[in-house]
Amino acid sequence: MESTFKEIRDGQSVLDLDPKSTVGGGVEDVYGEDRATEDKLVTPWTFSVASGYSLLRDPQYNKGLAFTEKERDAHYLRGLLPPIILSQQLQEKKLMQNIRQYQVPLQKYIALMELQERNERLFYKLLIDNVEELLPVVYTPTVGEACQKYGSIFKRPQGLYISLKEKGKILEVLKNWPERTIQAIVVTDGERILGLGDLGCQGMGIPVGKLSLYTALGGVRPSACLPVTIDVGTNNEQLLKDEFYIGLRQRRATGKEYYEFLHEFMSAVKQNYGEKVLIQFEDFANHNAFELLAEYRTTHLVFNDDIQGTASVVLAGVVAALKLVGGALAEQKFLFLGAGEAGTGIAELIALEISKQTKAPLEETRKKIWLVDSKGLIVSSRKDSLQNFKKPWAHEHEPVKDLLDAVKAIKPTVLIGSSGVGKTFTKEVVEALASCNEKPIIMALSNPTSQSECTAEEAYTWSKGRAIFASGSPFDPVEYDGKIYVPGQSNNAYIFPGFGLGLIISGAIRVHDEMLLAASEALASQVTKENFDKGLIYPRFSTIRKISAHIAANVAAKAYELGVATRLPRPKDLVKYAESCMYTPVYRNYR
C-alpha cells in the first residue's frame with residue numbers, strides 16, 4: 001500500500017516583543033496592515049473606506065468602544081458610540097467575565113461565534129490569551145454539540161456552502177467569496193463529524209472551528225482562511241425530518257456523481273486560488289477519505305487531518321512517552337482498537353518512523369502494529385474480506401474475537417483507541433495491559449468526551465496509577481492514592497495550525513509523509529521536564545504559538561530539503577521567520 005500520508009529587529013522574535021511596540025506581519029499581508037505599529041496608521045479598507053455605521057458593522061475593522069477621540073471624528077462615529085473609551089485589554093476582561101457566567105458550554109460557543117462576527121480581532125485576542133480555557137469551547141468537545149444543533153443556532157453564514165445545486169458552477173461560487181488571497185481551505189462533506197456520524201450540511205461548525213485555530217494557534221491571517229461545506233445530502237433521517245435543517249433534503253450522492261462533484265471543486269479551487277492553496281479534508285467517511293487523499297495528493301497541496309494530523313500528534317505523544325517508559329520506538333508493540341481513518345493513519349506513520357530510525361523495510365515495521373476492528377483482530381486469514389486500507393495490517397495470527405483477548409495474546413506496550421465507541425477500554429482490558437507493563441501507555445482518542453474509550457480516572461485507577469494516559473478530548477486532573485495525575489490531550493490542534501503555517505511560509509506545493517514526521521519530532525521536542533514530572537506527554541497549550549512556530553519551521557525545512565518549497569530564497573532562521581509571519585490581533589490605529 002502506498003503510504004498516505006523577514007528578519008526581526010535586533011534578532012528578537014515577534015512573540016517576545018511588547019505588543020504595544022510591534023505586531024506581527026501575517027503571511028501575505030498585502031496592505032501591510034499587520035506590520036503596522038502604534039505609530040504607523042492604517043486605513044480601514046473594505047470596498048471603499050469604511051466609516052461611521054458601516055465601520056462598526058465590519059468585523060475586520062470594528063474596535064467597539066476602543067475607537068479614540070481622533071478616530072471617532074475622522075470616521076463619523078460621534079454619537080454612534082457611548083462617550084467612554086475602553087482599551088482592548090479592558091474589553092477582553094469584560095467579555096471573559098461574561099463568558100464565564102454561562103453554565104452551558106454551547107452558550108459559551110454561541111457567545112464566541114457572535115463575537116467573531118462583530119469584532120474579529122477581539123475574538124482572536126480572547127482565544128489566544130485564554131487558549132486552555134476556550135479551546136474546548138471553539139473545538140472539541142463543544143463543537144460537536146454545536147454541529148448537531150447548527151440548524152437551530154445558525155444566524156449568519158461563516159463560510160461557503162457548495163451544494164449539488166451548484167454543480168457546473170463551483171468556480172462562480174468560489175468567486176462570490178469576498179477575499180481573493182486564500183491560503184488555507186478546510187472542507188468537509190459532513191458525513192463523519194467527530195464520533196457523531198452524518199450531520200450533513202451542519203458539519204460547517206468543523207471547518208469554521210478549525211480555521212479559527214489556524215489563526216489563533218498558527219497565526220494564519222483570518223482573511224486568508226476559507227471554511228467550505230460540500231453538501232451532497234445526508235443519510236441522517238432525523239435531520240431530513242428536522243424543520244430547521246439547513247442542508248439539502250435528500251439522500252447522499254455516491255459513486256460517480258459524488259466524485260465528479262468533488263473533482264469539479266478541487267479543479268475550481270486550483271484555478272481560482274493557484275497551486276499553493278492548502279486544502280484540508282476534514283471529517284469525510286473512511287471510504288471517501290482514503291480515496292480522495294490518494295487521488296489528489298500528487299496534484300494538489302492536500303492534507304487529511306483525520307488521517308495525517310491525528311497520526312502526527314499521536315506519534316509525537318508516543319515518542320515523548322518513551323522518555324518516561326524507556327526503550328526505543330522499534331521495541332514497542334502497538335495494539336489499536338479501531339481500523340478506520342485515524343487508526344490506520346496513525347499506524348502507518350508509526351511504521352514509517354520506525355522504518356526511518358532502523359532502516360528496516362516498511363513491510364517489516366508494520367508487523368509491530370496490530371489492529372482490532374468490529375470483527376476482532378485483523379489477521380491474514382481475513383484478508384479477502386478486508387477493505388484495501390486494512391490489508392497491510394493483516395498479520396499471521398490465529399483469529400481473536402475481542403479486544404480483551406487481543407491484549408492477552410499480543411501483550412502490547414501501547415494501547416490506542418480510535419474506534420469512536422465509548423467505554424470500550426474496560427476494567428478487564430486496562431488490568432490485562434497493566435499486568436504485562438510497568439508503565440502502560442493508554443491513548444483513548446475518540447471524540448467527543450462521551451465517545452472516549454475510557455476516562456482518565458478509569459485509566460489511572462484500574463492501572464493503580466501506573467498508566468501514562470492521553471485522550472482526544474480534555475479530562476480534569478485525577479487524584480489517586482494521594483497523588484495528582486494530569487492527563488494529556490492528544491489534540492490535533494497541536495499539529496495542524498503549525499503544519500499549515502509551515503506549508504504556507506515555504507510556499508510548498510505538495511505534502512510528503514516526511515513533513516508529518518518532521519511535525520511530530522518538533523512537537524515531541526517541545527515537551528519539557530516540568531511536563532514529564534506531571535506525567536504529561538504533551539506541552540501545555542498556553543505555549544502553543546511558540547510550539548506552532550517550531551513545527552512550522554521543521555515542516556518548512558523539510559519542504560526545502562525535498563525541493564517542494566517555492567518561497568525563495570530560504571530564510572536563514574525559519575523559527576524566527578515563522579514567528580514574524582504570525583497574525584496578531586492587537587487593535588490598529590486608523591488615520
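Heads up, the Cβ atoms here are built off N, Cα and C, so glycines get one too.
What TrEMBL records for Tyr139 is active site, proton donor.
Same-chain residues at least 6 positions away in sequence with a Cβ under 8 Å from that of Lys210 (active site, proton acceptor) are, in sequence order, Tyr139, Val186, Pro227, Gln280, Glu282, Asp305, Phe496. According to TrEMBL, the active site, proton acceptor annotation covers Lys210.
Asn447 ((S)-malate binding site): 23 other CB atoms within 10 A of its CB, across all protein chains. Residues or ranges marked as (S)-malate binding site by TrEMBL: Arg192, Asn447, Asn491.
Feature annotation from TrEMBL assigns divalent metal cation binding site to Glu282, Asp283, Asp306. Note: Asp306 (divalent metal cation binding site) has non-local neighbours Phe281, Glu282, Asp283, Phe284, Ala289, Glu341, Ala342, Gly345, i.e. same-chain residues 6+ apart with C-beta under 8 A of its own C-beta.
The domain 'Malic enzyme N-terminal' feature in TrEMBL is assigned to 116-297.
Summarising the annotation, TrEMBL assigns domain 'Malic enzyme NAD-binding' to 307-560.
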Cβ-Cβ neighbours of Tyr139 (active site, proton donor) (radius 10 Å) = 24
One finds that other Cβ atoms within 10 Å of the Cβ of Glu282 (divalent metal cation binding site) number exactly 27
For Arg192 ((S)-malate binding site), just count the other CB atoms lying within 10 A of its CB, please.
-> 24
Around the divalent metal cation site (Glu282, Asp283, Asp306), what further same-chain residues have their C-beta within 8 angstroms of the site's C-beta centre?
-> Thr188, Arg192, Ile193, Ile206, Phe281, Phe284, Ala289, Asn304, Asp305, Glu341
